[in-house]
Structures are given as C-alpha cells and as structure tokens.
C-alpha cells in the first residue's frame, strides 16, 4: 500500500532524479502534484527539472563517487535516472545496498549501451532486429559495412538524441561516418554498432508502463526524425491489428526482461504486418511529449504512478494529436520567446517552453502540441503553432 508523507519533513517520500532535462521536468511536476519531495541532480545548474524540484545538486553524472555522495546524503526512497549518461556501475552497487533504482539498475545499465540491449533483444529474447555488427577499429568497421552492404546505419554504442549517427549510402560515406561516430559518443571515441538498413514503412514508439497492476500500453506514437533527432510526433499512429499485436508482444518481452516498474519507450520499425525491435529507453521518451495533450494521463503521470506503486486502471486517449518541436539555433543565455498569442490562437493547442538556461548551436527549447479531427490536421496545427513562436536570442 502506497503511503506518501509531507515534503521537507521526516515523513517525506523522497525521489532523486538523475538528469534534469525537459522530460525530467514534467516527471518532477507530476511527482510534486502527489506531494513527493524531489531532489534534482545534473551536470549543469538551472536545468529545467531543477527549476521545479525542492532542491538540486550539480555534479559530473559519470563520476561514481560524486553520485554516491549525493545519494548517501539525500537517502532517497527512489532513484530515477532521466538520462543515459550516468555512472551506471554505481547505481548497480547502490541497488545491491538496498536503494531502489527505477526501473532497475540493470535496465539503466543495459540501455545506456546499445550493445547490451541489442544482444538482450536479438540473442537472449530472439526478437526480430536489423542485422548488425559491432566494431572497435576502423578496419573491423569497414569489414562490417562491406558485409552488410549499402545502405546501412552506424551509431556509437553509447550516445543519445541521434548524436554520431549516420546513414551510409556508398563507399564515399564510410570514412566520414566513422569520424562522426567517434565524435558523437558519450564516453568519447570507441565502439560502434553497424546495422543493416530496414526498408520500413514507418517507425513508432510504444509507450509501455509496468505498474502494480501489470503492463499497459499507450496508443502507438508515430514520429519523424531528422539526423536521429525527433522533430514531430503524433498519436495514434494507424497500424494493422496484426502489427499492433506484434508490437505489444515485442514491447512486453523487452520490458519484462528489464524488469522493475516505470514507463518505457520502446522504438520499433514497421513494414506492413512485420515488426522489428530498434531501441528502448527505461524512462519517458521525447516522442511521448505528445501525450501532454493526447491522453488524460501523460507518459510523465504514468511514470510517476508506476514509481510510487499507484494503480493505472485506464489510459484515456483523446483522438488525433501531435507535437512539433521548437528548435533554436544560435548562442544565448537569455533566450526569449515572442508571438505566443499567435502560436496559441487556434483551439486545442498548447505550448511547453522548457526553460533551458542556454543555447549553443542547435537545441530543442520547447514543443507545440495540438489536437484535431485527423492526424494530418493535428500535425499541421502543431507545426503552425511551433513556427509561429518567434525566438529572440
């Protein structure tokens, strides 16, 4: 039975969030609504989730000793990783010592590294995936490309948001894709995965929540990527009943193997009735931002309920809905957003501005949300709202 105490008192239920981006911010807001005391930790000050938490700490998230020191001082009831770039070995140790990691330390560890999760899905669970090789050297990588043929995809085994990812179409791309992968890895230069290209019709994120009452799926989320980064998403993605059932089977197998409680974003490729597993995040997913307008319980509310052991009897979906990101390019520590009245002038629209403290290059700084009579209309409306926002650097 779940019992939640009073924040900032001896009875408080404490959650420590590792990583404080826009997804973490929404998780914190949902936890705050349930009277949870939230401590936010990231590598830079004034990160979005820190702005809505009770207090925060700035540390190098890959420094196991620093992470342990904060967790031992705060004594949280739940440790909730929101990003991949964390000292996962320390989380494994802390879990063994009695701390609760969401969903589990093993899930966080396996999914930080594309190799761990790919081998689990393809080799242990025997799920359909693209053909793949791993390589540590340019020589092995070149052999793998030759073996898989063109087109193929290369990614660092440890990276996020599409960093270091390339689609190779010919021998001209081999060297530059290798160089880009070496720059884009979270832990610096190193191992890459080379995947055969699947000629899919579309890709989806199946938001899958493991909670006290079992496993529940949100309606499938379709999305469009550019250079591995999400640009827009929509829900529900139209699918055949066979493809949807197979997607749910694959998502359930992967999330069951990872264990624990919480929301998972399972990425899948779909061609007709065929489904291939791509990746999984053991936390809310950027493409799932659409659920802020498309569902009565957003992915963030679902994650909060699952963490706290609260039931999820039903997820109500409101019909065709879409999200379109607000990308900012340039350099600023005082970005402002104008023309918001025009952006919100149509019915069934909403904005989320993330409050990120700076932009240096290109950064996702907000998202526009919309509902309409069809997916096409909802996507167009969300895009209009996003484009209407005027960014002042």
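Glycine residues also receive a Cβ, built from the backbone N, Cα and C atoms like all the rest.
For the N(1)-(5-phospho-beta-D-ribosyl)glycinamide site, Swiss-Prot records 22, 23, 82, 286, 363, 364, and the single candidate of 75, 356 listed with them is 356. Take the Cα of residue 363 (N(1)-(5-phospho-beta-D-ribosyl)glycinamide binding site) and measure to each of the binding-site residues 114, 162, 203, 279: the nearest one is 162. Considering only the binding-site residues 114, 162, 195, 197, 203, residue 23 (N(1)-(5-phospho-beta-D-ribosyl)glycinamide binding site) has 162 as its nearest partner by CA-CA distance. Same-chain residues at least 6 positions away in sequence with a Cβ under 8 Å from that of residue 114 (ATP binding site) are, in sequence order, 155, 156, 157, 158, 193, 279. Within its own chain, residue 267 (Mg(2+) binding site) has 203, 204, 205, 277, 278, 279, 280, 281, 285 as residues 6 or more apart in sequence whose C-beta sits under 8 angstroms from its own. Sequence-distant neighbours of residue 82 (N(1)-(5-phospho-beta-D-ribosyl)glycinamide binding site) (same chain, 6+ residues apart, CB-CB distance under 8 A): 17, 18, 19, 20, 21, 23, 24, 27, 49, 283, 284. Within the model, the domain 'ATP-grasp' (119-308) carries an average pLDDT of 95.
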